[in-house]
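The active site, proton donor/acceptor annotation in Swiss-Prot covers H176. Here Swiss-Prot flags D247 as active site, nucleophile. According to Swiss-Prot, the feature substrate binding site maps to D60, R68, R133, K163, H164. Annotation comment: Swiss-Prot describes D174 as site 'Important for catalytic activity', evidence class sequence analysis.
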Amino acid sequence: MLLIGVAGTELSAQERDWLQHDAVAGVVLFKRNFGSRSQVAELSAAIRAAAPRPVLICVDQEGGRVQRFREGFSALAPLQSFGAQYAQAPEAALAAARAHAQLMASEVRASGVDLSFAPVVDLGRGNRAIGDRAFSDDPQIVATFTRAYVQALHGAGMAATLKHFPGHGTVLEDTHVDHASDPRPLEALQAEDLVPFVAGIEAGADAVMMAHVVYPQVAPEPAGYSQRWIEQILRGQMGFRGVVFSDDIGMAASLSAGGVAGRVHAHLDAGCDVVLVCHPELVAESLQAVQGRRLNTAALIGLIGRGALGWDGLLAGTDASFTAPLSAHFGTTA
């Protein structure tokens, strides 16, 4: 299955045709797809109307610098801010993180979007792409926040996606633009980077997004298309039974798998349920690549939200217990 990117704030005729394809699981939205709160709700409705089956609509609405929807949405703090607060006031920090998850999920669902790929559970150890997107550099603190965030997302009716497995935070390179390799053995990763993923899986996380990072002491290829990482470690040793997403196959670190078709097949063959094709110019070739493949369409049903909440429904359901932890940490809408 593929999650595809579309070009703008409205669907083109070609994009409507793509949504008819059996292999299209849904759409990933970006800043380029956002004009306003009402517009993104209309786009979400148009995507669903164009598809002959239920589809998944996703976004990265983490907070901080990775927040695709801004105008009319709450300005969400980066996750690192909660980790910084934790040393002085752990219970308050966890309460604020739960409120962050509930607010984000509620606003995203009110726009007709099913899920934000969240939370980031990488360790915050200097990676150029992760930065303040991570809760902390301490595995146990990240694990504690991961449990709280997953539970809060579920309470708001949104599936939780742990990213980026098995841990992107320790390498320096940004895999959007460069190849990345982590030389540590599996035992070192299990003692540190995998700790938050174990916590998230135990908390009932619904999905995991893979990292385009190579761990040569574990497997020769990037984790995103490594059967050892996905089938043997994540599913076999760690017992994960949810959906496995690739990261975007347009990123530089995925190019080692070859051309577009090679990248799609490599990720699916390794055990990814869904491949992210975020660049519209890669969609047609990706669809051609999966023609004739057997597709796991049932895997995504549990990720689709409990129906579009709508902004009226969100506001009607908001009470003081929900907004109290938010005002100090988030302030006003962006």
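Cβ coordinates are placed from backbone N, Cα and C, and glycine is handled just like the others.
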I'd like the number of other C-beta atoms within 10 A of the C-beta of R68 (substrate binding site), please.
20
As a whole number of Å, the Cα atom of R133 (substrate binding site) is distant from the Cα atom of D247 (active site, nucleophile) by 16
What's the CA-CA gap between K163 (substrate binding site) and D247 (active site, nucleophile) in angstrom, rounded?
9
Counting all other Cβ atoms within 10 Å across every protein chain shown, which of the recorded positions D60, D247 scores highest?
D247
The correct three-state DSSP answer for R133 (substrate binding site) is helix
Record-annotated substrate contacts D60, R68, R133, K163, H164; largest Cα to Cα distance in whole Å is 18
Can you tell me the CA-to-CA distance separating H164 (substrate binding site) and D247 (active site, nucleophile), as a whole number of Å?
8
